[in-house]
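A.B. asks: Just passing along the structure, written as structure tokens.
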Amino acid sequence: MVNATTKAVLTLDTKNLIVRVGCIDGKYGNSCNVTCSKFCKNKKCDRKTGVCTDGCVAGYTGSLCDQKCNDGNYGQNCSEKCGKCLEGTCNHVNGTCTGGCKAGYRTELCDTACEQNRYGNDCINKCGMCLHDKCNHVNGTCVDGCENGYQGNLCKKPCDSGSYGQNCSKSCGQCSNDTCDHVNGTCTSECKVGYRTNLCNITCSTGSYGKECKQKCSKNCMDKEKCNPINGTCKKCADGFRGEKCDQNCSDGTYGLGCKFNCSVHCLDDNSCNKVNGTCSKCHPGWHNNFCSALQLVETGLAIATSSSVYGDYVASRTIDGNTNQQISNCLHTATTGRTEAWLRVDLRKVFSIQSVKFWYRNDRGTAYWNTKRLRGYSIRSSNDTALPLSGSSCYTDPGNVTLPTIIEKDCERTARYVWIYQNNTLDGACPMLEICEVQVFGCETGIDKEQCQKPCTHCKDRSYCNPVSRSCNSEGCALPGYQAPLCQECVVGHYSDNCDKNCSVFCKNHSCEHTTGICTLGCQRGYIGSYCNQTCETDKFGQNCSETCGNCFENKTCNHVNGTCAGGCAAGFMTELCNTSCKDGQYGRDCQLNCSGNCLNMEICDKQNGACESCAEGYQGVKCDDRCETGRYGLNCTRNCGACLNDTDCHHVTGNCSSGCKNGWKDAEKCDKGCIGGRYGNNCGKTCSQFCRNHRCEQNTGICAYGCLKGYTGGDCNQLCEFGKYGQNCSETCGKCFENTCNHINGTCADGCAAGFMTNLCKTRCKDGRYGRDCQFKCSGNCLNQEVCDKQNGTCESCAEGYQGGKCDERCETGSYGLKCTKNCAACLHDTDCHHVTGMCSSGCKKGWKDVEKCDKGCVDGRYGNDCAKNCSKLCKYQTCEQTKGVCLHGCLEGYTGWECSEPQDLSDPTNNYQPILYGVMCTSLVFNIVSVILMVRHGVCQRKRGNQSTTEESAVPPIIYDAVEDNNEYQELGQLSESSHYTELQKI
């Protein structure tokens, strides 16, 4: 049982006969008049103390559950820790971070780090080109370093020009524009001359040179087809060639290495000298061997020829007369009879180094003649005295088994004075004999071996005498410049010219030059170019072959052409002697002597030239981020305003904290940037924001609604309704066509419906065609002219279709009228019935005397009467005309006849047969009837016009119906045209 006053509960325990008294759930205290904390779980508390017996709901603590969780905690029993909330604390109930998350965290609870490859506030920033796509979720620094081609803590900056790869540690190759792809090093343009591959880091392969290594080295380079990869020049040419690229043959008369040697003057002509090895294809007379350097030792007039015997006058002297004619008349012929041997001996008059012996044999009988066999088995011998040498001294012995040519030359390397041709052949049964026409012996002075003998003294000037042993030249000197007497050897290293008395350029590599011209054959020392290495590198180049590009010298000055050093120091952003190395991270300026501010956003490095940052860390501004935020500002880009710090003191430029406390009306002792919460404002947040403030938030000092008003309200505190005719957000929308012009100030709906012509809740939509009136509830008559739609407000038509009248065209024509605007009168319908209101047709047929069964608007023509004018007037009627209904003769009868139809003969003597007065009466009656009919029809038309005018006045401006003429009836019109002798005229005289 519950006490209605105290809310106490009386419970009877019938088993134990105990009566218990207690408060109902939700109440406690002596009188049960205190309500448990609304934050008690299940709204239950101890009935005496009010302590929440089931604990607290999420977000509250304390025995009475009257304390919010401390900052940093939330949830059931305040046991949950807030996530990484930007403002340091979270909603004490559900843990959501209303102000957002700290950099690097996301979700409503800010308890989850950014996903891989994201970082920063709200995880909106994408990591740079981090290796393995891993960066610090807070500041974006790359954990494992950068991908190829990027540098800096965030790996967002491409490698500086001229470098690429991992940590930008590799230098670009020989790219023509000194720039390569910062990732893989491929040249964005073509390679410099002499280099190849995508990286332009490999010189041309053996045998090629020039742009893209497309040109082929001369095959005449001495060093196995290697040439300078840039310009294709050869260090040395193969024998027989000259020119920088060895693409020219030696000039006529020269040969050998560098074309330094002159051909033997004993070559028959310059064309007969081989330009490679100097051998002669033909020699001047008296000279022999490949170089035409061996003398013909048999000199006519000096040598002496002796034979073993003589036949006739074919004496031995004929063999040394210089005549090589092989006719027997020019030859030696030894005697044959009783001889066992035959020989020819040539005395050279002194000892020579003999090389070869050549002789011409008789051939005047042809080579097939048997006497050529006489020579078979011969031998060539030498001696230093006149005694016949033994066979052991032979330098050549013919085997004797083949037919021999008639001109024979055999090597005979001997040192001797006498040369013998010996024959003791008896193989053919004949006595030995010789038939030799000419003998030549080739060799040189003694003391010179075969090889030396074959080398002419071409190194001596004018090919003068040289010592056959030492090869030294006489006082005339050397034949070519670049050789040093007496041996005429090449100049020693460092010298050149005719007498080797000039020094090679000091800038030749290894001080070595070509001994004749002084051209630096090994190239130039660093910093010099040109054939003589007498030109310094052009501007912006240095080093070997001037192939290296200067670094970034101060004021774009050129570097030292030898070593590339910058005498005036480096341009901003570079360091080292060569100024080709970017400043280390954290440094900038000339020679990298300045330190970055250290205040770039996310610890990014500053620009190494001017120290500028892409963006500044919180609390700093300026190009170099070396200026603190100005007074009243703090945070990222100094875009945040300081809170309401006490006494208008400035806040911390980074955190925005107010060190001196907050002004009244503000809270959060750190930043003083949070006004009253929960819809409160004013001093100590003692006032409540208007319930019509949007989001229930107002300006903490004035109570002005911070986010504007709810729909339907206006004013700074949103306590004013929208003015008449307005509604919605900011009262910016205009009411529709409401009945009596008012709408709901919030949503614009018309409570009393729409004005005539409009529909829908907002009454902004006009009626659909065919509807009108309030809320478009009425349907148009459908009888507007040409099916036009009616007025959507009042349903009126501009004009009515045929058969209808009234403002809305919803009334049929009145009885007796029809057609457009009801201006036409019905005709003589049978039994005076009405005609059709649209077509004027008589559905019941026509009266007598009328025809046209549709409208009955045409009377009988002259001579006809009755139903459908089917009867003919009596032929006895005067003029054969009669009244159209009864057939009464209108003009009387022909003479001698009487009666209505003049069908009775007239007895002129019998007054009783005089029907003329009666006829006059009937005709008069008929005339009155017709006149009355016409008057009624005219009056009907006038009334119809009046009603039409009244309807127009009441409904709308409908055009008046105008009757142009009275109905066209021939009979009526003829009433005024009767002749003076007619019965009607007689009636006037009665």
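Glycine too: its Cβ is placed from the backbone N, Cα and C atoms.
Take a look at what TrEMBL says about it:
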{"type": "DOMAIN", "residues": "35-66", "note": "domain 'EGF-like'"}
{"type": "DOMAIN", "residues": "77-111", "note": "domain 'EGF-like'"}
{"type": "DOMAIN", "residues": "122-156", "note": "domain 'EGF-like'"}
{"type": "DOMAIN", "residues": "167-201", "note": "domain 'EGF-like'"}
{"type": "DOMAIN", "residues": "258-293", "note": "domain 'EGF-like'"}
{"type": "DOMAIN", "residues": "503-538", "note": "domain 'EGF-like'"}
{"type": "DOMAIN", "residues": "545-584", "note": "domain 'EGF-like'"}
{"type": "DOMAIN", "residues": "637-673", "note": "domain 'EGF-like'"}
{"type": "DOMAIN", "residues": "730-764", "note": "domain 'EGF-like'"}
{"type": "DOMAIN", "residues": "775-814", "note": "domain 'EGF-like'"}
{"type": "DOMAIN", "residues": "821-857", "note": "domain 'EGF-like'"}
{"type": "DOMAIN", "residues": "872-903", "note": "domain 'EGF-like'"}
{"type": "TRANSMEM", "residues": "918-938", "note": "transmembrane segment"}
A.B. asks: With CB pairs under 8 Å as the measure, which of the listed stretches 35-66, 122-156, 545-584, 775-814, 821-857 comes out on top against the domain 'EGF-like' (872-903)?
C.D. replies: 821-857
A.B. asks: To the domain 'EGF-like' (77-111), which of 35-66, 167-201, 545-584, 775-814, 821-857 is linked by the most Cβ pairs under 8 Å?
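C.D. replies: Result: 35-66.
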A.B. asks: Per-residue pLDDT averaged over the domain 'EGF-like' (503-538) comes to what?
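C.D. replies: Looking only at the domain 'EGF-like' (503-538), pLDDT averages out to 90.
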A.B. asks: Under 8 Å, at least three CB pairs between the domain 'EGF-like' (167-201) and the domain 'EGF-like' (545-584) (pairs 6 or more apart)?
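C.D. replies: Contact confirmed: at least 3 Cβ pairs fall under 8 Å.
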A.B. asks: Under 8 Å between C-beta atoms and at least six residues away from its ends: which parts of the chain pack against the domain 'EGF-like' (730-764)?
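C.D. replies: Same-chain residues near the domain 'EGF-like' (730-764) but 6 or more away: 708-714, 721-724, 771-776, 791-794.
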A.B. asks: In the domain 'EGF-like' (637-673), how many residues does DSSP assign to helix, to strand and to coil?
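C.D. replies: Looking at the domain 'EGF-like' (637-673) with DSSP, the answer is 5 helix, 6 strand, 26 coil.
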A.B. asks: Please work out the helix, strand and coil residue numbers for the domain 'EGF-like' (35-66) from the DSSP assignment.
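C.D. replies: Looking at the domain 'EGF-like' (35-66) with DSSP, the answer is 3 helix, 7 strand, 22 coil.
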